[in-house]
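Colleague: Structure below; questions to follow.
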Amino acid sequence: SGRQIFQPLHTLRNAEKELLPGYHQFEWQPALKNVSSSWDVGIIDGLSGWTTFVEDVPADTISRRFRYDVALVSALKDLEEDIMEGLRERGLDDSICTSGFTVVVKESCDGMGDVSEKHGNGPAVPEKAVRFSFTIMSVSIRVEGEDDGITIFQEPKPNSELSCRPLCLMFVDESDHETLTAILGPVVAERKAMTESRLIISVGGLLRSFRFFFRGTGYDEKMVREMEGLEASGSTYVCTLCDSTRAEASQNMVLHSITRSHDENLERYEIWRKNPFSESADELRDRVKGVSAKPFMETLPTLDALHCDIGNATEFYKIFQDEIGEVHQRSNPSREERRRWRSTLDKQLRNKLKLKPVMRMNGNYARRLMTREAVEVVCELVPSEERREALKRLMDLYVQMKPVWRSTCPSRDCPDQLCRYSYNSQQFADLLSTTFKYRYDGKITNYLHKTLAHVPEIIERDGSIGAWASEGNESGNKLFRRFRKMNARQSKTFELEDVLKHHWLYT
């Protein structure tokens, strides 16, 4: 309608003040360690609680956040009607259900590249931002006499930007480990305190007690490696879930199980730091399997569905190029030839599928590339019949595997593919290690390894991969840009709090 519906902070109507964190009263039992007990706290400086010493370089970064517990209370009060509705649907008398509520929270954190304002000319200033957000995935209650909890609320769209609530916005480069950890430090401390305590708030007119479980699954691999103290993603330790090296993963593509955990990473870091057996650098690195920094924040080892799509599509794109150039018959072609194959491939995809070449593979391109019609189009350029068959078979298997780690609830949405997953991944791996051996001799990409080796195990543990992915947070990145452009005051100090507030109201 062209009407400006977002108002500056000081003119908010009461309805909006009710929706923002800091409005509802609550208490923790026992009180949270090192967290103030006041409940009417709105937007705070992301560096608050960070005492600077004389010799500390003051972090010249701008960051705004909500206090974690205050934000969670606000999010729960938003769900008040859903919770009451859920109790009624399950036939539970809400006057007896005052304790035993469990809330499961998905946490996501993602760095955004260039968020600088596009204003005319001049040198491009790299301005990067990091956003940390959470989604309430489910609320369940344990009734006396029952062993299992009864779920009374389940987030129907766990990957929508509407259910993904911003907690902390900061202008930091996600690679700047020091600053990132300084700002997220208090968040981690609050989160740890909350796991050891119960929240008492009034829901439906009665005081009820909630406990929280946090699952950090909405991180891409780069962020997980940074938070968990692992080497960067080019490391020989290919996986954030198991200890396999790249060479091992390319030999044995399917049979791996999840071994890494936050606590183990902490132990390994201690070994790395102390080197108790006085080993050489290589031996030591092999002992700790590439953990060489202190794990900072506990993440839940999982597979990030969105980046998995992108990583595998990049891989297929390269296979397509190699097949056009028949690399399996000859070794190391020149860069010129490779460039030629690539432009042939791009031209074909553009003409037949209207797929414009992209600089960096993105989600949408990946989804369009990984289809049967795309492989048909590519096969028109592949000279030999048997290679065409192999390519089609490869894509066919992939298309069957993909819904298992994309869907929110695979056992409901694609039970057949779920049952066949291990078999399909074995077939896929066999194809790669025979027909496409030229690409997988001693090397394999991180996400391909995870796709083949870890999916069934994660699904057995969590029931889903797609629901726990980082998509909601990624879509929130678009909102960040939009709010920053349209609804924020143009001063560095106020800008982030306006964006944070609008984003919260949007969710």
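Cβ atoms here come from the backbone N, Cα and C positions, even for glycine.
Caution: TrEMBL annotation is automatic and unverified by curators.
Sequence annotations record features per position, and here TrEMBL assigns domain 'V(D)J recombination-activating protein 1 DNA-binding' to 1-26. Positions annotated as domain 'V(D)J recombination-activating protein 1 pre-RNase H' by TrEMBL: 27-99. Annotation source TrEMBL lists domain 'V(D)J recombination-activating protein 1 RNase H' at 103-235. Per TrEMBL, domain 'V(D)J recombination-activating protein 1 ZnC2' is recorded for 237-299. Look at TrEMBL and you will find 301-463 tagged as domain 'V(D)J recombination-activating protein 1 ZnH2'. The domain 'V(D)J recombination-activating protein 1 C-terminal' annotation in TrEMBL covers 471-507.
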Colleague: Averaged across the domain 'V(D)J recombination-activating protein 1 ZnH2' (301-463), what pLDDT does the model get? Just tell me the whole number, please.
Modeller: 94
Colleague: Kindly report the helix/strand/coil residue split of the domain 'V(D)J recombination-activating protein 1 ZnC2' (237-299) according to DSSP, in that order.
Modeller: 27 helix, 3 strand, 33 coil
Colleague: In the domain 'V(D)J recombination-activating protein 1 pre-RNase H' (27-99), how many residues does DSSP put in helix, strand and coil?
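Modeller: So the domain 'V(D)J recombination-activating protein 1 pre-RNase H' (27-99) is made up of 21 helix, 10 strand, 42 coil.
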